[in-house]
C-alpha cells in the first residue's frame, strides 16, 4: 500500500496587482461616481437635513450682513444730519483782547448757544461760542433775545479746589432702535426702588412747596425749563365753566367716618407704592403687580381721590411720576373706553381740581404712526392722551373701515359695545382742555356724529338699545337682547350726564334718556318674592330673565340725579326702591358684600330668600356702584340711613378684603365668611371710585363737589359743568 499524497500547502497571502492605468486584467473597469449619483444615493431624511442646514446658514449670513450694514450706515446718517442742522456760515470767533489792568472791571465772556430745531419742537444744542463782551457783531445782536432771562448771581469760588465742580461733558446721543416696551414680570428691588423715590421726593418737595408766580400772559413752563408762550390770537374755549364751588381752600375737617376712609386709602396706597409702583394694578396677596395697559392705571385713577381726601403728599408724589415717567408712546393694545374713562378722566379731573399743569401737559412726543396726520403733542399729560383718543374716536366715526389700522383700538373690532364705542363725556370735556383747535373741533364733531347716529338708529325697543354696533355697517347687532348690565350700562348714564354737562341744551339726549327710563319701567322692572324688592332684569328675544348685575346699581344714583335736575318725580321714587334692593344684595350675603350677579326669586315661597346667587357669580370685585348711588341718595334726600348703609359696607371691606401687608383684594365667595377666597387683585376703581364715593357719602357739607357744578363720569372723576358760550 502506498501512502496517500500529502495535502496541498495553504497560502496565507493575497496577491494584489497595481496598475497605473487604473485597470487590471480579468476585472471590471473602475467606474467614476458623479456628485449627483452620490446625492441620489442619500436617503430622503439625509437630503432634507442637508438642505435645512444650507438654508439656515444662508439666512444667518443675510441677517449678519444687514446688521453690519446698519452699523456702517449709522455714522453716515449722523454726520449727514449734523451737516443739515449746522449753520452755513458759523460766526467767527473775535480776536482776543488784552486783559484789563483791573481784573474786577473785566467783563465776563458772552456765551452764545446755537440751537437746531428737531422734530416735535425740541431744541438740540449745535454749537457753544464764547465771545468777548465788546466784540459783538451784528449777527450776534440778532440772536440775542429781546428780554433775556435773568441769570442767578454767580457763586463764590470754593476755597477747597477739590469741591469745585468739574467741566460739563456732553455725552453723545446713543442711537437705538425703537421696540415694544419690556413689561416686568416681577416686582423690582424694593430697597433700591424706595431709595431712589425718597431721593427724588427730597429734591422735588421744595419745588412743590414754592409758590407759583402767576404769568399775566398765560405762559406755561415746560419740563425743560423753557417758557412756552401762547400763540397769538388763541381763542378761549368755546364754552365757559360754571364757577366750581366744590373744593374750598379751607375745607371742613373730616369726621370720624371720613377719617376711616382716609385710613383705608392710605393702607391701599401703601401696598401699591411698595409692590406695584408705576404699574397698572396691585396683587396684594402675592405682593406683586399686574399689567393691563402698562400706563400706571391705579396711580392715575387715584389722583383726584387723593386731592379730595387731602392727601397732598401722596398727590405730589404721584403727580411727579405723571410728569416724569408717564408716556403713551407704547405699542400695546388698549381698550378705548377704559383708557378714556380711567386715564383721560383721571388726568382731566386732577387738573380741574388742583390746577396742576403737569397733569395737563408734559414732554413732547409724536402720536402713533397709525394715526394721521402726525402732530407734535406733549407726552405724558391729558392733552397728549386727549389728542390720541380724539383721533381714534374720529376714525371710529368717519372711517370705520380704517379702524383696523389704529392699533390702540383693536378691541372695538368687530362689534363695539354701544356704551363703550365712544365715551362722549370725556371726549367733549377734553375738547375744552386741549388747546389745539383741531383737537377741540375733532372731539366735538365725533361726539355730535355718534349722538346723532345712535339717536336715529332702528332696532330700539322703547328707548332700550342692543349691546353692540357693527363699525362697518353702523347698525345694531344682537338685536332683541336688552340689559342695563355689563356692556350697556354707561350708555344710559351718559345720556343724562352729557345733557347736564352741556348746559341742558341738547334735546336729543334728553328725549333718548326719558324714553329709555320709560322702557326700563315697562319691560325690565319687576318685584321679587317674598319681600317685594324692586329690581331690573334683562330681556332676551321676548324672554324675561330675573338676573341683575351689581353694575346696575348705578341706576338709583342716575335716576336721583335726573330728578334733582328737574326730571319727573317718579324717577326719584324708582331710585329709592332700587336703592333698597342694592343694599339687600349686600346685606343678605354672609359677608355683607354683594355678589357680581344676583338672581331674584319670583315664586311666592316664604322659605326662600329674595336674592339667589349661583356659584359662578358669587365673587366681589370691590365695585363702587352701590356706594355711588348711596352718595347721590344721601346728597339729595339727607336721609342718614344711606350713610349707615355705606358705613356697614366699609366695615365689611375692612373685615373680609383687607390684606395686612397693604392693599385690598377682591374675593371669590361672598357667602363664606370663614374663607372668602382672595383673588389677589385690587382693581384701580377701588381707589378711584369706591373710597371716593364713601368719603363724599360721609361728608355733611353739600358744597363739597357740588352736583350743580360738577358731573361725575362713569369712573367717578368729577368734571365741570359747561354752560353755553
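The backbone N, Cα and C atoms fix where each Cβ goes, and this holds for glycine too.
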Open item on the list: For the feature region 'Disordered' as recorded in TrEMBL, pick the matching range from 14-44, 45-75, 76-106.
Closed with: 76-106
Task: Inter-residue Cα distance where the pair is residue 338 (active site, proton donor) and residue 553 (disulfide bond), in Å - done: 19
Task: Rounded inter-Cα distance in Å - residue 596 (active site, proton donor), residue 582 (disulfide bond) - done: 12
TODO: Enumerate same-chain residues with a sequence separation of six or more from residue 582 (disulfide bond) and a Cβ-Cβ distance below 8 A; give 'none' if the list is empty.
DONE: 550, 553, 556, 594, 625, 626, 629
Task: Nearest-integer angstrom distance between the alpha carbons (Cα) of residue 714 (Ca(2+) binding site) and residue 338 (active site, proton donor) - done: 10
